[in-house]
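**Q** Below you will find the structure I want to go over with you.
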């Protein structure tokens, strides 16, 4: 076929395949069998391979993936992608309605939409062609994920009119795709995704676009961010226009004239939640009129004209099949409920937390009981109660053992503690869990050394002490399951890099009782190096800000042990850094930062900056981080899904910032 004929045929195939895509993925009404679609796609790819210069940016062939990216570029949003304020009950909705009416009067209509549990994205079109897609990021700056978004077949690569427009939507993984993906991951002995939202986010942040293309993602577009020339006067009109242009919008939407009508609709939608083929975590209520939206405006972190009603934690009933015991790195014995598989909050749950023996006794939890399992968002499922009236007589009381399930040493209960402990320092489970803790993100942060690899290394007797990690060789690692040459090289590089970590990471990784990451940082900063710390007396430790008696006793006891001193000498000889190399906090009187001398609480999920990095940056400018909100708190920085701490800050009239404002202050 000559070039001119190829060009004409490619244009025809574009039109045909775009129509097939629209019918199948947007209208859910395919007009041809899959085999016909596949044949036309193969024809297009073949022609584009023959004539590479005829391959257009909006070609349907872009949906199969193939490009491998080096990194995601930053994208600044022309119109910020702000998060929404939350409503958790009927009173919150009535308060929202009252605020709206006080501002713009009683002539109000609300547009009610499902809150899809996925990843918020922005899609930019120039002259009708999809040119850029980005994540929300911190609301001001996101990441360019255009190539991965092109693999979502419900995103039109070319819309039905040559408009320049930016739209917002929620990319998600449908429930059937999520279940199939996790089943495949389990077959490959890979860690399953916790929920469809994590799976969608992970898929769209793959540098290899072929992986994203295989994940069967979908999208609902829910708003127009920027559009010239065409007059749209309401949210509902905007959604109708999006439909006309070929975007996929959610049809479970309605315009309500009163807040009471909204509340009634929410109750109806709650009952349908399990029937949707995608996860929802709430309902979004928006003032329908765009003129009224403009009049209401924004707070620092969210629009005043919209609110997200969040569903309460989901509860289901299932059978308790067994109670499994595990041994943590400090010897604590933790019971876990083994359940008859049940769907809760979007995932299949087979295990749930029982916390400790006292909870089992308090709730009179018995084997084979019908139990209530509760899960909200990403939290670990927990057994919230028992249906005693459904007992049949086959249920059996559960008794905690007197011996460690791993090493069979006698278990003890330390005075004042709820938990049973194994106090055998040679207990294999404690050693293994200690190694897992040592390499974890907040400790030595050795990338590639997760629980699976550590368990293998321990089982093969290649490591039994943390110092053994620094003696591992390529020859030893290459013999492990699913460890290729490249993986081994990356792992050895990561182990070597961890030697340069600042002292606080090592201290936290060693697992000294009562010393969390914050206390480890405080001690490292105060003493400067391990030699000064291990010689410190209890009195000297108590002089350190925020170090209490239990912590001081634990540190002194830890460094009195000969085996610990030998371990530290080994690590030093192996090249592990033993000094504090992190930023030194600015003295309050020397800092002109807003944070200097203030007590600050971080709450919710930060999108742009890791929480630990944000803490370190604030502390370096003289700020003091606190874990809870009180009258002494000067500032609360609220990220996504901030909860009770934000509510308390509002009650106490404490200043509240979002992540965007925090980043602006840090950049000064």
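Note that Cβ sites are derived from N, Cα and C of the backbone, with glycine treated the same way.
OK, Swiss-Prot features for this one:
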{"type": "ACT_SITE", "residues": "115", "note": "active site, N6-AMP-lysine intermediate"}
{"type": "BINDING", "residues": "34, 35, 36, 37, 38, 83, 84, 113, 136, 170, 286, 310", "note": "NAD(+) binding site"}
{"type": "BINDING", "residues": "404, 407, 422, 427", "note": "Zn(2+) binding site"}
{"type": "DOMAIN", "residues": "590-668", "note": "domain 'BRCT'"}
**Q** Tell me which of the binding-site residues 36, 38 sits in the most Cβ-dense spot, judged by other Cβ atoms within 10 Å.
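**A** Top count of Cβ atoms within 10 Å goes to 36.
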**Q** In Å, rounded, how far does the Cα of residue 36 (NAD(+) binding site) sit from the Cα of residue 407 (Zn(2+) binding site)?
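**A** For residue 36 (NAD(+) binding site) versus residue 407 (Zn(2+) binding site), the Cα atoms are 62 Å apart.
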**Q** Could you check which of the recorded positions (38, 84, 115, 286) sits closest to residue 407 (Zn(2+) binding site), going Cα to Cα?
**A** 115
**Q** Let me know how many other Cβ atoms fall within 10 Å of the Cβ of residue 427 (Zn(2+) binding site).
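**A** I count 20 other Cβ atoms within 10 Å of it.
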**Q** Residue 286 (NAD(+) binding site): which of the recorded positions 115, 404, 422, 427 is the nearest Cα neighbour?
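**A** Closest by Cα: 115.
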**Q** Find, for the listed binding-site residues 84, 407, 422, the residue with the lowest Cβ contact count at a 10 Å cut-off, counting only other Cβ atoms.
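**A** The binding-site residues 84, 407, 422 were compared, and 407 has the fewest Cβ atoms within 10 Å.
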**Q** Counting other Cβ atoms within 10 Å of each residue's Cβ, which of the recorded positions 115, 286 comes out lowest?
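**A** Per-residue Cβ counts within 10 Å for the recorded positions 115, 286 bottom out at 115.
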**Q** Including all protein chains shown, what's the count of other C-beta atoms within 10 A of the C-beta of residue 404 (Zn(2+) binding site)?
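**A** That number is 23.
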**Q** Could you give me three numbers for the domain 'BRCT' (590-668), the DSSP helix, strand and coil residue counts?
**A** 28 helix, 18 strand, 33 coil
**Q** When you rank 115, 404, 422, 427 by Cα distance to residue 84 (NAD(+) binding site), which of the recorded positions ends up on top as the closest?
**A** 115
**Q** If you measure residue 404 (Zn(2+) binding site) to residue 115 (active site, N6-AMP-lysine intermediate) at Cα, how many Å is it?
**A** 46
